[in-house]
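Annotated features, as they stand in TrEMBL:
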type	residues	note
BINDING	342, 343, 344, 345, 346, 347, 348, 349	ATP binding site
COILED	516-607	coiled coil
DOMAIN	720-795	domain 'Smr'
């Protein structure tokens, strides 16, 4: 059950359907868009989601799936089913093209049935064999014309036509040359056709000099188009042959239509399959544009969405080169009713409409823009009360119209219902409106329904805090800047920040003070407490972001260290192996030399001169074999006396790391080691000179040559070419590319993805929008690639 009747337009689902329709390539696909409907059947929804997800994978893979000739042939089938009628050449040509597309789709899915099993199930709709297509191909050629060999008689007729046309042209050419030589024709004249007959242009004053029949004259009347009497019989023969050809073609088309007629029921099913494929592809293409995915369907009632985005809002922001703030929401049987409060223009209504639209989309079988590990469930009923429903015809005010909706909600809401109420209780005197809203909300809570409401009423915030099944939610706000953050924080109520906003825009202190008196000290304290909580939450979020940034840097440094260690270990093993081989060679050589020396001494019977020469040779060998000791001079760093101050360069005593002092507080020191900041005890540091620092840096570069940030900067390429890459490869490549660029302090990057269908461009940009290190991105200049290249500017 859906309420109200215009629900789709209220949540802008009608615009989603228009986007799907714009992605369809045919009318038969677009017809399915009008049949999209809300469903509570889990097996149907799962099948629809699986179909779209599988086609999304096909698009990402770049595999060749038929994309053209999804034609609407239903009018031809309606015409052909009547006995005695026949289809024309162009109509059979469209049927032929459609059958070829049909064959391509079914063949693709049959070939990849293991990869796309749900889509392959649709092939069962097609019971048509290839007999009809082959019959049409025998008659209709690749240009959509009747083949000359479609029948024996047609072949003979066309041969006769060709013969007579050649004969006609030869006679006319001869006559025309003679007329031209006598000056009877215009200077630039040539043979032409008039009234279906071949004629020649003659100057009007010479028309009686050649016997024949005048068919036409020029606009000025200076030229006439004359058929010479000599070719009159040939032209008549040609005309008769053309009539014969037309009758034979009609006969052939009638026979082909008779052949097609028994296949009409199967053709209708087959082309319903083509329309469905076109429709599913359109949904998948839109899903790619929205960066949508297939969340997990749960039996228990739950909404657990991560990074949910309103698709229409996100597309609008993308046009302005802005990014959307994603929504995280979690509702279950313990927290069914979410009461959202917060300042005006803080995102309460957008949050409510996002959840309403996405829940409706997924129950219509559409992928939604959330993370794939998100969870959802199905509801039987979906009610909304959004916007101004004033009804002049029924003499209903806005508030009365809202109450009519609330009457419907309280009568029909149950455990299988989800409802959405924007600005709950407004439209009448706050004291009474708040009380009625509280009573209605209690009744809806008793029904076991799920829902989201937005409000400014304090009594509803307190009600949500005290009752089982209800939970408060606040739209985050930057208390210092007094600007909305558009982030939902579930578990606490939000402040309207009315006094703070009034103070910021310059309302006088006297007015603010009087307002506080009217509100009451207790309420002011309550609101102040909410503001304090919001401010502290913002500070902790900043700390979390900084911690995550440091963690990323640390992870990168650890990877560099691990890679370096692995290279060094491999080098060590190789050096040892080489040393062993060399040592063995030297030892073998020494043994041979010693043996030769001993043999020489023996043979000379210890002759003094020979013995002396042998000893000299052994001494030379000893000198050669004995390794030379290499003294490695360790870098000496001069330690300076004096007190350590911010800006000084220091060395950590325990590990020798060089750092710069950022700040000192008591005995705690904040230091910077490259991009990484850390806090250490003052006792762990010793002050060094700038000269020593430079020497140490040179030494460090020499010891770690090829594996430090400098080497990474040298090897880094600011251009990333994605052309030819598969969709699933692109995300990892882009993320690593931008992360490395950011770590190396590079500002401008180029990603080349080509134009094509725009899929690689869409995938890349959807990821880039979510990366905090990106300041902006845009198309390259038209002369240097245009929309085929994305320029990325990183934050510094």
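Heads up, the Cβ atoms here are built off N, Cα and C, so glycines get one too.
Predicted automatically and left uncurated, TrEMBL annotations should be read as such.
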Practice task
Determine which residues of this chain, when 342, 343, 344, 345, 346, 347, 348, 349 are set aside, have a Cβ within 8 Å of the centroid of the ATP site's Cβ atoms, and list them as they appear in the sequence.
Solution key: 454, 475, 484
Exercise for the section: Using a 10 Å cut-off, grab the number of neighbouring Cβ atoms around the Cβ of residue 347 (ATP binding site), all chains included. Expected result: 22
Completion exercise
Neighbour count check, CB within 10 A, over binding-site residues 344, 349; minimum at 344
Exercise for the section: Let me know the most crowded of the binding-site residues, choosing from 342, 343 and counting other Cβ atoms within 10 Å. Expected result: 342
Practice task
Would you count the other CB atoms within 10 A of the CB of residue 348 (ATP binding site), including those on all shown protein chains?
Solution key: 27
Fill in the blank from the handout: Cβ proximity for residue 345 (ATP binding site), under 8 A, sequence spacing 6+, ordered by residue number, returns 484
Exercise for the section: For residue 346 (ATP binding site), list the number of other Cβ atoms lying within 10 Å of its Cβ atom. Expected result: 25
